[in-house]
Amino acid sequence: MKILNVDQIRALDESTIKHEPIAPLNLMERASMGFVNWFVDHFPATTSTKIFCGLGNNGGDGLAIARLLMERDYPVEVYVVRYAPRESDDFMHNHRRLKLITEDVKYIEYSRDLPTLRHNEVVIDAILGSGLSRPADGIVKATIEAINRAPATVVSVDIASGLYVDQPNQANDVIIEPDHTVSFQLPKLAFVLPKNGKYVGKWHLIDIQLHKRYIDIAPTPYYYTQPNEARLLLHQRDRYSNKGTFGHALLLAGSFGKIGAAVLAARSCLRSGVGLLTVHVPQCGYSIIQASVPEAMCESDGHQTVLTGTSRVGGPQPVTYTTVGIGPGIGKAPETLAMLRDLLPTITRPMVIDADALNLLSENRELYSQIPQNSILTPHPKEFERLTKPWQNDYEKLDLLRDFAKTHRVVVVLKGAHSAIATPTGDVHFNSTGNPGLSTGGTGDVLTGVLTALLAQGYDSVEAAVLGVYAHGLAGDVIADQRGPIGMTASDVIDALRWE
Ligand SMILES: NC(=O)C1=CN([C@@H]2O[C@H](COP(=O)(O)OP(=O)(O)OC[C@H]3O[C@@H](n4cnc5c(N)ncnc54)[C@H](O)[C@@H]3O)[C@@H](O)[C@H]2O)[C@H](O)CC1
Ligand SMILES: [K+]
């Protein structure tokens, strides 16, 4: 699903009005009706509801929502925040329609006009929407602050008032902190950026049948992975296939005290459909892997505690493997760096690079040019900062991410809430699955195993990253549903992986 910018959202509106065709006021009615259908599914008709409306079309939505909820007998109070002398046409039209059924519309010009808000009430925030062009100030700011202080449940229409759709807010901007955002048709970039979490709450999309052809051809680098899109990426298995069909992966993982990382990556790799797996670990990990992952072959490094790439049986020969995954638990010993240095030029196929392998790269940037094209790198934000440089906000981070992926022709999975997957062409796919329970030790090792398995089976790198990250997050969501996010372990995630 595409994520469009604010100008495209406006143009999409106009395109819908022109091509459907539909009168602007009727489109507003459709959007408001969609919101109301969502609202009645979530809050009973006894819910005391206060709607705060601005003077533009977001406010117009608010007035239409007020009327539609009153028609369904919700106890609704309407407040218009009078911050400017002019209202939009569709605001005025809905204002007139509302006045036909109630005289009781209140106006907020000064702080003393603000009502008291209680915990058992619901506030609908329709003050400012996608038309935001400057920080909230004056009475708008005072109203937003009052709503944020109140114990009431807050639902924002389209986007929290004060939050920009696709550009950074300043640290001191005043923005609604909703429990829910009910938006129209497509997600907004602001919704998927981790730092905006409290200005978005849980978000929901209402299909208002905006012009499909416009969406289909609108250029954008940003995508949001939907369940049906992820499922379409899944390769169907031929019943006459054999284990050779699904590749032979090599995982280079583990060091003394961190053999568990190798175990997790190996198990998830096997659970993700790889044909054959060899795990190369330091000698101290040999018996552990043999005993705990019997399905894998194990190759012992010549070194007791860290990876050096040497071996008493002749050393790993990555060129003979379909795919190499490196990083989980390897540490940053000089011998391991030397191994990475020797290894990279010998690999011609995309590989998976994680954890300390990324840290070694960031400390030896001359190696960037040696990374095989279309490899998948899986940094968390701190690792990505080491690979690049610090950023001021999520938008700058996104630019760095796209630049890095394009410059080095790699796929970068920036892990976090809505993990962002940047492609060598500069597109970004935001993931839709996962929960805070996944921020626990070992889940990154699991992802490395998953991605290595998908590459070994012949998935293209972007597809492997989008599908693998989605499936990994979904496994976390399944566990969170069953017994809550707290106490989830990386091993649970492996067990919950499903490929169907
Ligand atoms: N396709 C859709 O998504 C639909 C969206 N609808 C709703 O329309 C709004 C956008 O409406 P618009 O009139 O363009 O903007 P706003 O209501 O957000 O703002 C009105 C107006 O306010 C001025 N302004 C900007 N920043 C500030 C500020 N900080 N303080 C005061 N005033 C400010 C500026 O001049 C704006 O133009 C969208 O969010 C949806 O809710 C349609 O209803 C249907 C389809
Ligand atoms: K709003």
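Glycine is treated like the rest: Cβ placed from N, Cα and C.
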K(+) site partner of Asn58, Ser161 (as recorded in TrEMBL), chosen from Asp89, Asp90, Asp125: Asp125
Given TrEMBL lists Lys415, Gly416, Ala417, His418, Ser419 for AMP, the same-site residue among Gly441, Gly442, Gly444: Gly444
Assigned conformation of His418 (AMP binding site) - DSSP reduced to three states: coil
Binding-site residues clustered about Asn58 (K(+) binding site) [Cα within 10 Å; pool: Asp158, His380, Ala417]: Asp158
Gly444 (AMP binding site) and Asp125 (K(+) binding site), distance between Cα atoms, whole Å: 38
Separation of alpha carbons, His418 (AMP binding site) and His380 ((6S)-NADPHX binding site) (Å): 12
Three-class DSSP secondary structure - His380 ((6S)-NADPHX binding site): coil
Coarse DSSP state, helix versus strand versus coil, of Asp125 (K(+) binding site): strand
Listed binding-site residues with Cβ under 6 Å from ligand 2, out of Asn58, Gly60, Asp125, Ser161: Asn58, Asp125, Ser161
